[in-house]
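Over in TrEMBL, the protein carries these features:
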- A:12-39: transmembrane segment (TRANSMEM)
- A:69-274: domain 'ABC transmembrane type-1' (DOMAIN)
- A:75-95: transmembrane segment (TRANSMEM)
- A:102-118: transmembrane segment (TRANSMEM)
- A:155-174: transmembrane segment (TRANSMEM)
- A:210-231: transmembrane segment (TRANSMEM)
- A:251-274: transmembrane segment (TRANSMEM)
Amino acid sequence: MSVEAREARQPWILLSPALGAVLFLLIIPLMFIVVYSFWLRSAMSADQVGFYLDNWQKALSDRFYRDILLNTLKIAAITTLICGLMGYPAAYFIARSKGNKMILLLLLMLPFWISYIIRTMSWINILGTSGALNTLLMTLGIIGEPMQMLYNEATVILGLVHFLLPFMVLNVYVSLEGIDTNLEDAATSLGATRWEAFTQVTLPLSLPGLAAGGLLCFVLGAGTYITPVILGGPTDAMFANLVFEAIITQLNWPLGSALSLLLLAVLGVLVAIYNRYLGMAQLAKGLG
Amino acid sequence: MSAVTLQDIVKRFGSFTAVHRTTLEIPEGAFVTLLGPSGCGKTTNLRMIAGLLDPSEGEILIGGKRVNDVPIHKRNLGLVFQNYALFPHKTVAENVAFGLKYRDVPKSEIPAKVQAALELVQLPNVGDRYPKELSGGQQQRIALARAIVIEPDVLLLDEPLSALDANLREDMRVELKRIQERIGVTTVFVTHDQSEALAMSDLIVVMSEGRVEQVGKPEEVYNTPASEFVANFLGASNITEAKCIEHGASVVVEDATFGRVTVPAAKAPNLTGQGPAKLVVRAEKLLLSKTQASEGVISVPATVETVDYQGQAVRYFVRAGEAQLQAINMIDERPFAAGDAVHLHLRPQDCAALPG
C-alpha cells in the first residue's frame with residue numbers, strides 16, 4: 001500500500017470506534033423510530049405495520065400537542081434568557097480574575113458531581129411547604145401559613161436554570177478568554193469609558209460564545225423531561241413528557257415516535273439556523 | 001516644558017517593588033526610549049503614564065497637569081501595543097475612526113481624517129478590509145494610525161516592533177521614526193532591543209531592576225556608559241578591574257592587560273578620584289592586527305581562541321595574558337583563525353572608566 005493511501009486511511013481507523021457507536025446506538029435506533037412513526041397502534045392486537053400518516057396527522061394538528069410544544073419552546077426561551085443574563089457577568093468575572101481562575105472553574109463544575117435528579121429534588125427541601133424557605137419565613141413571623149411555592153411553571157424554569165447555567169457560563173467564559181485584554185485597554189485609551197469599551201469591543205466579540213451557550217441551554221431545556229416531572233404541576237408538562245406518556249404509559253410507540261421526531265425536527269431547525277450564522281466550531285470550542 | 005513628568009514614582013505589586021523611586025522628565029516633542037531587559041520596570045512606567053496602572057507613590061504630570069486621578073479615557077494618549085490590539089470585528093477604517101467618535105469631531109470630517117491617517121502610514125487603500133486580512137507589519141501601521149489620528153498629547157509605544165520579523169522590524173523602525181518626526185508628537189517607546197533604541201531615540205532611559213541606570217542621548221549612553229550594567233546591555237564590552245592612578249585634567253587608569261591607559265575625563269564622569277576603578281573597552285574598539293601598533297595606540301599581544309563569523313563582521317574571543325576579551329571587527333578579507341597570534345590595538349580615547 002502506498003504511503004498516501006495509508007495516511008488517508010488512518011483518520012478512518014481512528015474514528016471507527018466512535019463512528020460505530022454513533023451508527024449502532026444512534027442512527028439505527030433513530031431509523032427504527034422513523035419507521036415506527038408510520039405504523040398504526042391498534043388497541044386490541046399488535047401494531048399494524050405499514051405506511052400510515054395518522055400519527056403525524058395527530059401530532060401536527062392536535063391543539064393539545066401544539067400548545068404544549070409552544071409552551072415547551074417558551075419555557076426553554078425564558079430559561080435561556082435568564083441563563084444568559086445571569087451567566088454572562090459570572091463568566092466575565094471568572095475570565096478577568098487573576099490567580100484563582102482554576103478554583104472558580106472547579107466550583108462551576110462542582111454541581112456536575114451530583115446527579116441532576118438529586119439536584120432538582122433538592123429544591124423540594126428548599127421551597128416545599130415544610131422546606132427551608134417556608135420554615136425561615138414562619139420562624140421570622142413574616143408569614144403565618146406555609147406558602148405553596150412549588151409545582152408551577154416558575155419552579156420548572158428555576159430548576160432548568162439551576163441545571164443549565166454552568167453550560168452558559170462555560171461557553172461565554174471560553175469566548176471571553178479568547179479576547180485579548182489589550183483590546184479594552186486600547187479602546188479606553190482612545191477615549192471610550194470602561195462601559196463603552198465593553199459594549200463596543202468585548203460584548204460583540206463574545207457574542208459567538210453567548211450564542212453557543214444559548215443554543216445549548218435552549219436545546220437541553222426544550223428536551224427536558226425530569227424537571228417538569230419533579231418541579232412542575234399537573235399542567236406544566238413539557239413536550240418530552242408527552243413522548244414518555246405515549247410510549248411508556250399508553251404503549252403507543254407509533255404516536256410517541258412521531259412526537260419525538262417532531263421535537264427533534266423543531267430543535268434541528270434551530271441548530272441549522274445557528275450553524276448557518278455561527279458555525280458548529282464555536283460550539284465545539286465551548287464544550288472542549 | 002516637559003510633556004510628561006514622573007515625580008518620585010514608586011510602583012509596588014504586593015511586596016514586590018516593580019519601580020523604585022524614579023523621577024523622569026520627557027521633553028516636549030522628543031522620542032524617548034525606555035530601554036532594559038524584561039522585568040526592569042519599563043512597561044510598568046509606560047502603563048502608569050497611560051493610566052492603566054496607578055502609581056503607589058509619586059505624581060505623574062502630563063503637559064504640566066497632575067493626572068494621577070484622571071482616568072485613561074480622559075488622558076488623550078495614543079497607545080500602541082506589541083500585539084497590535086486592533087478590533088477584529090471592525091474594519092480598518094472603523095478601527096482608525098474609533099477614537100474620533102469620542103472627540104468633538106463632526107461626523108462629516110471623520111472619513112477625511114481616517115484617510116489622512118491611513119495615508120500617513122502608507123496604507124491608503126485598506127480601509128474596508130478587516131485586520132486579519134493584513135500582514136503583521138500592516139496591522140501595526142494601522143494600530144499606529146488609530147493612535148495618532150486622535151492627535152494625542154503623548155504617543156506611547158509598548159514594544160511595537162517585537163512581534164515583527166527581523167527585516168520588517170528594521171523597515172518599520174525607519175517608518176515609525178519618519179512618522180514621529182513628521183507629526184512631532186512626544187513619544188515614549190518601550191523596548192528591550194538596544195539597536196531599536198539607538199536608532200530611533202532622541203533620549204534613552206536605560207533601566208534595570210526598577211531603577212533608572214542612565215539617561216542620555218544614544219551616543220552618550222553608548223560611548224560613556226554610566227554603569228557596568230549599561231556598558232554590558234548596550235553592545236558588547238570588556239570590563240576589567242583597574243586602578244585609577246591619576247585623576248586630574250586627564251584620568252589615568254592601569255589594569256593588568258592594557259597597562260596605563262589615559263582615558264578622556266569626559267568618559268570617566270563618575271570617577272571621583274584615585275583608587276579602584278573599572279576600565280570599559282567596547283568590543284568593536286579592540287582591533288586585531290598582525291603588526292604592532294603605531295605611536296599613541298596601545299598594543300597588546302594575544303591569541304585568538306574562538307571565531308564567531310557573522311558575514312560582514314566577526315566576533316573574536318581572544319586571550320591576552322590572564323584575560324579573555326571580546327572583539328568585534330569588520331572583516332578585511334579573511335578572518336583570523338583560532339590559534340593565531342595577533343596584536344590587539346586600542347586607542348586610549350575609545351576607553352571609558354567607571355568607579356570600581
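Residue numbers in this text run from 1 along the chain shown.
Any Cβ shown, glycine's included, is placed from N, Cα and C.
Keep in mind it's a predicted model, so treat the numbers as computed, not measured.
Tertiary neighbourhood of the transmembrane segment (A:155-174): same-chain residues 75-76, 78-80, 82-84, 86-88, 90-92, 94-95, 105, 108-109, 111-112, 116, 119-120, 123, 127, 149, 206, 209-210, 212-214, 216-217, 220-221, 224, 227-228, 230-232, 236, 238, 285-286, selected by CB-CB distance under 8 Å and a gap of 6+ residues from either end. Where the transmembrane segment (A:75-95) meets the stretches A:12-39, A:102-118, A:251-274, the count of C-beta pairs under 8 angstroms peaks at A:102-118. Under 8 Å from some Cβ of the transmembrane segment (A:210-231) lie the Cβ atoms of residues 72-73, 75-77, 79-80, 83-84, 87-88, 116-117, 120-121, 123-124, 150-151, 155-156, 158-160, 163-164, 167-172, 175, 237-241, 243-244, 263, 266-267, 270-271, 274, 278, 282-283, 285-286, all in the same chain and six or more residues away from its ends.
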